[in-house]
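Written below as C-alpha cells is the structure these notes are about.
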Amino acid sequence: MEEKSPKPIRCKAAVSRAAGEPLQIEEVEVAPPKAHEARIKIVCTSLCHSDLTFWRMKDFPGVYPRIFGHEAVGVVESVGEGVEELVVGDTVVPTFLAHCKDCVDCRSERSNLCSKLPFNLIPGMPRDGTTRFTDSNGDPVHNFLFVSSFSQYTVVDVAHLTKVDPGIPFEKACLLSCGVSTGVGAAWKVAEVEAGSTVAIFGLGAVGLAVAEGARLRGASKIIGVDLNPEKFELGKKFGLTDFVNPKEIGERTVSEVIIEMTNRGADYCFECIGLASLMNDAFQSSRPGWGKTIILGVEMHGSPLCVSSAEILNGKCIMGTLFGGIKAKNDIPILAKKYLNKELHLDDFITHEVGLQEINKAFDLLIQGKSLRCTIWMDR
C-alpha cells in the first residue's frame, strides 16, 4: 500500500508582527517537510534571552512577521525524503546549531560548528532559505534560528534535531535544547574544568547557573558567582555555588581583586555569561596567571570590542569563546539526558514558571522583570 504524503497542517502559533510588541496567537499553516526535514509537534517550549534580544530588534536581522522560539521538545509527526535517523513518534529536541555528523567540523572533537550547514542569523530553512509557515492570508511568516518553536507544529532540518530517551519528562528535555546544555557544556567540553579547581561565573541567569552545575559535576572545589541580585546566591547553592560576590557590596575594591584574594592568585576558570565587554575584562582580570582560562558565552550586547593587555596573555592566560557550550547535539544531549535520569544532573530547579501558549506574553514579562529562569510554555494548554 502506497504511503500517503504529508499534507499541510493548520495550527496555533504565537506570531511576532512588530519589534517589541506582544505576540499574537494566530492560525498558521505549516507545510509538509521537504527532503532532510521533519515536521514536529511541539509539546513544550521555553523562552530564552536570545528570543528576547531578537524580538526587540527593529532592523535586520530582526524581520517580521516571525515565529520565535528555539528551546523546545517535541514528537516527530512526519518526515521528508532522505530522513533515516528519525521515525514518526520519536521524541526530539531541536537545536539552533546543526550537527550533520558528516563535515570535517562535525567529525572533529575540536569544533561543534557544522561547516556543511553553518550557523547564521538569516531567516529561512538551512538548505533552501525558504519558510514553511504561512499566515491566514497566505503570506509567508519567517522562522527563527532554524526552529520556531512558538508554534504547535514546526518543520526542522534533521541536522538540527536530536533524538532523546522518551523516559525524560518533556519539560526537562526542553532545557537541554539550548540554555542548560550551553552552560553545562562550557564547563565540561570547553573549559574542561578539573576536580579541585576554582571557578568564577559572571552573571547568574539560567546559563550562568548551568555553568555552576557543570562545574559541580566536574568536581570544582570553589564555585564563585558574581551577580548584582543577592537572591541568586541561595538559588545558586542548588547548583553547586559555594561563594558569592555582589559588586555593589565590596566597597572600593574591584571584583577581580576580591576573586584573586578568594582564590590565591585568581580563578582557574572564569565564565562571562552576560554579554558585556566590561564584564569580559573583569573575568579575564580575575583569572590566574599561568593557566587561567576565561570562557565567553555572552554575545556583547552593544557590539563593543574586548580589549586586553598582551602582557596578560604572555603570562599564560587565555580567552576562549563558545557557541552552545561546545555541545555536539547528537552526541552530547543524550549523555546529559542520561545523567538527569541517573539523578546526576540537576534540572528541576531551572524551571520557575509554567504557562500555556495563550499566556506566552506573560513569559516575556517574567523574563524582562528578572523573575524567571525558565518558564515552560505548554503548547496545548
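Residue numbering: from 1, along the chain as shown.
Each residue, glycine too, has its Cβ placed from N, Cα and C.
So that you can see what the record holds, here are the features copied from TrEMBL:
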DOMAIN    35-164  domain 'Alcohol dehydrogenase-like N-terminal'
DOMAIN    206-334  domain 'Alcohol dehydrogenase-like C-terminal'
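Within the model, the domain 'Alcohol dehydrogenase-like C-terminal' (206-334) shows a mean pLDDT value of 96, rounded to a whole number. With helix defined as DSSP H, G or I and strand as E or B, the domain 'Alcohol dehydrogenase-like N-terminal' (35-164) counts 14 helix, 38 strand, 78 coil. Note on the domain 'Alcohol dehydrogenase-like C-terminal' (206-334): DSSP counts are 55 helix, 22 strand, 52 coil.
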